[in-house]
Amino acid sequence: MSVDVIWLVFCAGLVFVMQPGFACLESGLARSKNSINVATKNVADFIVCTFFYLVIGFGLMFGDSQYGLFGGSLLFFNAQSADLVAFFMFQLMFCGTAATIISGAVAERMPFKAYLLVSALVSLIIYPIFGHWAWAGVIAEGQGWLAEIGFVDFAGGTVVHSVAGWVSLAAVIIIGPRIGRMGPNRVAFRSHSLPMATLGMFLIWFGWIGFNGGSLLTADERVPLIILNTMVAGSMGGLGAIVVGYWRGGRVEVADLINGCLAGLVAITPTAHCVGLASAALLSFIGGILCLFACEAIRKMGIDDAVNAFPVHGVSGVWGTLCVAIFGDLELIGTGLGRLEQFGVQCVGVTAAIVWAFGLGYVLLRLADRVVHLRVPEAWERIGLNVSEHGESTDQLDLLRRMDRHRRTGDFTRPIEVEADSEVGDIARQYNLVLERLSAAKAEAEQANATKSRFLASMSHELRTPLNAIIGFSEMMTKKYFGDLGSAKYDDYAGEIYRSSTHLLDLVNEILNISTIESGGYNLSKSLVDLKAIARESARVASQSVREKSLKLVVIGDNDAPPLEADPRAMRQIVLNLVSNAIRHTPSGGSITVEVSIVGDLHILYVRDTGEGIAPDWLPRLTDAFATSATNPYLAEGGVGLGLSIVKMLVELHGGTLSIDSKLGEGTEVKVSIPNPWTGTMP
């Protein structure tokens, strides 16, 4: 076995190291809830590529050329020759690299099965056919049409990297940005592990030694310079990223530095065999700079490339391919073309890659989207693809789930289980300490609230008896049951006693109502009630006040509406309180409308008036208990400030909601919505 075969097999092994490199890079840059999915896709794409490249892809790429467009032999690869087997292994690694580049771009939002289809399309059609155009003729008859006109791409800056970059761009345009990544309220996503991503970059860099060093397909005196050019290119691309970082914002971000190094490696790939060390350094330095500007450009365009695969591989691949004509030694290039002619041919190759990889890729992916859907459901994306696609979780996600359960249930008595050696163990311990303080504070607050409710109930009962006596005696004096009092002054005093006592009794009754509801002592006794009939009854009760202010009070609604299953006493109190409140706030000559309607399973009560209206900043405070005219300018004279609070509590006891809408100078609308669990007919 020749040295060349051994070298090529060794280089194939080096290129294979790029697969775990991309797995570390992409899963490190992804968020933790998607890291497992990203790594799994890197495994799966190589599996898919191996099968399809072995069966069809290799033959399409390197078989006997058919009109310079595709290969027609070497299908179902089964060669026994050591030279051919080594060559196949080396090229298989290139195909796997092209596919795995795409996985990073579409990370966090493409379904696993859809990504398998994308990998199949790349290894079956997109990559091998373009590869035939540029590289055919190495082991079979006939060259591809690009090779025939003098196109040069030494190790795949366009064939592998640019093609993968353009397919990545088509894919991310179709599937759209990740939730929350773009738009005015966009957030900066935190990478799962930048150290892991950095390790991935070094593994890729190491694999690039074989990527470029093996592309001569022979071990000769040119290999050391090719490898040195490669190592220098990675460093100079990183230097370009450092310069841009300090020039743009005064700091260097880790992801930008990683991208700069990789961009430099991509840029040298087409030219590693035909440039000197100085040219390699310069073109890679520029490649790193171009990559970072391209990252910023696509972000401003609303394109979400999760790992910036297109700027790194697509843009830098284009630049490196053009550099063959700009910096390359024409004798080493060996096409016989002048520099300007070579540049034109390189432009043709770049354009062909764009049209083929982006154009065909976009069409195929659009068609695929109709079959398998290239984007996961929103709920899957929010929970993360580790769980939704693979049933896997992380310590952080488990912790968030337990914390969310506390939020939903309101039960803070059960602490979170702490795993001593987990990465979130310290967070869980601190959270449990917070839970202990919160539970203690909640217990104290509940105890204080219960004490307050008992006090209010006791105070109410203590005051009711003497107040009733005062009211009774003053009523007898006012109505002169035992004859004249002898002086008009006594009449005034007695009337004032009666009015004040009545007001105090209203206050005590409403305090008692609130304390009863807050302490859980208000038991609903539900039956089938006609809400419109209750509204009419309340209108009759308030008719005297309506006449005194010359108001117009109407009750409207569907007479055939189904009954509401609710507490009749509570419904009467709700309607009467709202109607009385509207009467107090509506000036003479105004109107009040009470409407009952049905929307789905909701009974809705509207009470509208043409009063002075309420300022918007006061609306949220109208239902505050114990408001006074000093704290609430919209509390009517004679009001005790508890009516709307009680109404809201009674509505919420029925599972309903209360909302208030008002405009100054136009009036107010109070809306009560109560769900109706009963679906029968009125007995």
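Placed from the backbone N, Cα and C atoms, the Cβ positions cover glycine too.
Since we're looking at a predicted model, the values are computed, not measured.
The transmembrane segment feature in TrEMBL is assigned to 6-25 (among others). Under 8 Å from some Cβ of the transmembrane segment (6-25) lie the Cβ atoms of residues 38-39, 42-43, 46, 86-87, 89-90, 92-94, 96-97, 100-101, 103-104, 196-197, 199-211, 213-214, 217-219, 223, 258, 307, all in the same chain and six or more residues away from its ends.
The feature transmembrane segment is assigned by TrEMBL to 46-64 (among others).
Long-range contacts of the transmembrane segment (84-107) within its own chain (CB-CB distance under 8 A, at least 6 residues past either end) are made by residues 5, 8-9, 11-12, 15-16, 18-19, 22-23, 25-26, 29-30, 34, 37-38, 41-42, 45-46, 48-50, 53-54, 57-58, 61-62, 77, 115, 118-119, 122-123, 127-128, 138-139, 156, 159-161, 163-165, 167-169, 171-172, 175, 210-211, 214, 217, 305-307, 309-310, 313, 374. According to TrEMBL, the transmembrane segment annotation covers 84-107 (among others).
The feature transmembrane segment is assigned by TrEMBL to 114-134 (among others). Taking Cβ pairs closer than 8 Å, the transmembrane segment (114-134) reaches residues 41, 44-45, 48-49, 52-53, 56-58, 60-62, 65, 68-71, 95, 98-99, 102-103, 106, 144-147, 151, 153, 158-160, 163-164, 167, 171, 349, 352-353, 356-357, 360-361, 364-365, 368, 371-374 in its own chain, all 6 or more past its ends.
Sequence-distant contacts of the transmembrane segment (154-175), counting only residues of its own chain at least 6 positions beyond either end whose CB sits under 8 Å from a CB of the stretch, comprise 94, 97-99, 101-102, 104-106, 109-110, 118, 122, 126-127, 130-131, 134-135, 211-212, 215, 266-267, 269-274, 298, 303-306, 309-318, 320-321, 324, 349-350, 353-354, 356-358, 361-362, 365-366, 369, 374-375. Residues or ranges marked as transmembrane segment by TrEMBL: 154-175 (among others).
As annotated by TrEMBL, transmembrane segment applies to 187-211 (among others).
Taken from TrEMBL, the feature transmembrane segment covers 223-247 (among others). Away from its own ends, the transmembrane segment (223-247) comes close to residues 7, 205, 208-209, 211-213, 215-216, 253, 256-257, 259-265, 267-268, 272-273, 275, 277, 280-289, 291-293, 316 of its chain (Cβ-Cβ under 8 Å, at least six residues beyond either end).
Here TrEMBL flags 254-272 (among others) as transmembrane segment. Same-chain neighbours of the transmembrane segment (254-272): 25, 29, 152-158, 160-161, 191, 194, 197-198, 201, 204-205, 208, 211-212, 215, 226, 229-230, 233-242, 244-245, 279-280, 283-292, 295, 308, 311-313, 315-317, 319-321, 323-324, 327-328, counting only residues six or more beyond its ends whose CB sits under 8 Å from a CB of the stretch.
Residues annotated as transmembrane segment in TrEMBL: 278-298 (among others).
Below 8 angstroms of C-beta separation, residues 101, 105, 152-154, 157-158, 160-166, 168-169, 172, 237, 259, 262-264, 266-271, 274-275, 279, 282-283, 286-287, 290-292, 294-295, 298, 303, 339-340, 342-343, 345-347, 349-350, 353 of the same chain, each at least six residues beyond the ends of the transmembrane segment (310-328), sit close to that stretch. Under the heading transmembrane segment, TrEMBL lists 310-328 (among others).
Positions annotated as transmembrane segment by TrEMBL: 343-365 (among others).
Taken from TrEMBL, the feature domain 'HAMP' applies to 405-443. Residues 395-396, 398-399 of the same chain lie 6 or more positions beyond the ends of the domain 'HAMP' (405-443) yet place their CB under 8 Å from a CB of it.
Here TrEMBL flags 458-678 as domain 'Histidine kinase'. Per-residue pLDDT, averaged along the domain 'Histidine kinase' (458-678), amounts to 77 for this model.
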Secondary structure tally of the domain 'HAMP' (405-443) (DSSP, helix then strand then coil): 24 helix, 0 strand, 15 coil
